[in-house]
Amino acid sequence: MGILSAELKNGIHKHANTQATRTSGKMDKPLISHHLVDSDGSLAEAPSEVPKVGILGSGDFARSLATRLVGSGFSVVVGSRNPKRMAGLFPSAAQLTFQEEAVGSPEVIFVAMFREHYSTLCGLSDQLSGKILVDVSNPTEQEHLQHHESNAEYLASLFPTCAVVKAFNVISAWTLQSGPRDGNRQVPICSDQPEAKRTVLEMVRAMGFTPVDMGSLASAREVEAMPLRLFLGWKVPALLALGLFIFFYAYNFVRDVLEPYVQEGKNKFYKLPVLVVNTTLPCVAYVLLSLVYLPGVLAAALQLRRGTKYQRFPDWLDHWLQHRKQMGLLSFFCAALHAVYSLCLPLRRSHRYELVNLAIKQVLTNKSHIWNEEEVWRMEIYLSLGVLALGMLSLLAVTSLPSIANSLNWREFSFVQSTLGFVALVLSTLHTLTYGWTRAFEESRYKFFLPPTFTLTLLVPCVIILAKGLFLLPCVSRRLTKIRRGWEKDGSVRFTLPVDHTLAQKTSHV
């Protein structure tokens, strides 16, 4: 295996310390605005005093990679099977030539081509000997299941005299052009050659990304599986939300559409697209929000029962706790849809007919003034509480975004997600209670002997609110605080809390 030249290592290390800082203020701006070649396709020779990097391939990712490397201060030479045809698509500072000429001088070469084209490079084995090959490819889901070895391992088997490094496969071409942003800033890297891995790590930093060392090349299969994951943490919450929607939609259909048709012969099927959906969405949002805070209550109850915090929660509870963010965002999504659907209710043709019929009925009965003080106040309070609850949910959803969450310290984030989240649950409960008012006690509201829908949704939130109230009792709160600070029942840890134990509670969370 060839040893990297001191010039290359020193050059890359210098750029990692200076170029990343110089370009950090420009990472939010695309780098392709004024770096393209002129219309005549002329090529500019890259400066020789900066580290030279090679790219084999001329696809979309190769073009974006060349753009980012040039913008980060590297000299780039691109190898293509047809350089003249591709000249106008690459930055003018990048040298575009044939593959045989591109692999001559660079010590680091990016292989930006698909797995099936690796064998076409076998003729360059002698020229590639001792160089670092950075594999940026990704398999399809079918290819990932079909092949037992990763693309990087396959490339290493074809070129045993090269140091193969897996990197940049989780970064999209758009991210390379527009700059790293929050969640897509990390670049997993793995290789069997520590020296080659270190060189690529420095390059990643110089390009404005954050390298993540994944170990040896055996981890390449796991790294290549990362882009194949589709909302991995959202599967269970999404299925739960869908199941709740189907249940409540069917329940509301039976009560509001099927019962009038069977009992009175009235055709209410026009309610299915809007009214039934709008009645279902708040139920789903409310239940999902309560399920966000229920596992915290269960975890606290377990700690009180066990008298220690050093025992693992059951697997089902542990997974539940890990899915709270997704359930909260789905709750906000359903609540936002409910608000939009509610604003659309007056726009329906059926609503206009109902208003006209009500007006005609009022004229026939010779009633010039209809006013129900109780109903007026109920609706005013009901709408106000709903707006406040949606506003709180919006705040929770915004602070869940990585860019916002990273700007908050732990106490601020905990206050928003825990304290304000519980306030949102209380406001939602009051919103639901003012909607129901006395309907739960009216016999006519029990269609097919089924209780009103809102009564079903109140069960879990009321249990959570009552449990939270119990946890605030001094005898329970003090014991729970001691457990979370390391105290154990029937154990060797014994201590007395300070008099002002409310200060300790501020730093104790499940």
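The backbone N, Cα and C atoms fix where each Cβ goes, glycine too.
The feature domain 'Pyrroline-5-carboxylate reductase catalytic N-terminal' is assigned by TrEMBL to 52-139. For the domain 'Pyrroline-5-carboxylate reductase catalytic N-terminal' (52-139), the DSSP counts in helix, strand and coil order read 37 helix, 24 strand, 27 coil.
The transmembrane segment feature in TrEMBL is assigned to 236-254 (among others). When Cβ-Cβ distances below 8 Å are used as the criterion, the transmembrane segment (236-254) is approached by residues 272, 276-277, 279-281, 283-284, 287-288, 291, 319, 323, 326-327, 330, 334, 447-448, 450, 453, 456 of the same chain, each at least six residues removed from its ends.
Residues 237, 240-241, 244-245, 248-249, 252-253, 256-257, 313, 317, 320-321, 324, 327-328, 330-335, 337-338, 341-342, 344-345, 348, 393, 418, 421-422, 424-425, 428, 432, 453-454, 456-457, 460-461, 463-464, 467-468, 471, 480, 510 of the same chain lie 6+ residues outside the transmembrane segment (274-302) yet bring a C-beta within less than 8 angstroms of a C-beta in it. According to TrEMBL, the feature transmembrane segment maps to 274-302 (among others).
Averaged across the domain 'Ferric oxidoreductase' (283-427), pLDDT in this predicted model comes to 93. Look at TrEMBL and you will find 283-427 tagged as domain 'Ferric oxidoreductase'.
The transmembrane segment annotation in TrEMBL covers 329-348 (among others). Away from its own ends, the transmembrane segment (329-348) comes close to residues 237-238, 241, 245, 274-275, 277-278, 281-282, 284-286, 288-289, 292, 386, 389-390, 393-394, 396-397, 400 of its chain (Cβ-Cβ under 8 Å, at least six residues beyond either end).
Here TrEMBL flags 381-401 (among others) as transmembrane segment.
Annotation comment: TrEMBL describes 413-434 (among others) as transmembrane segment.
As annotated by TrEMBL, transmembrane segment applies to 454-476 (among others).
Cβ atoms under 8 Å from those of the transmembrane segment (413-434) belong to residues 282, 285-286, 289-290, 292-293, 296, 328, 378, 381-382, 385-386, 388-389, 392-393, 395-396, 399-400, 405, 454, 457-458, 461-462, 464-465, 468, 509 of the same chain, restricted to positions at least 6 beyond its ends. Sorting each residue of the domain 'Ferric oxidoreductase' (283-427) by its DSSP state yields 121 helix, 0 strand, 24 coil.
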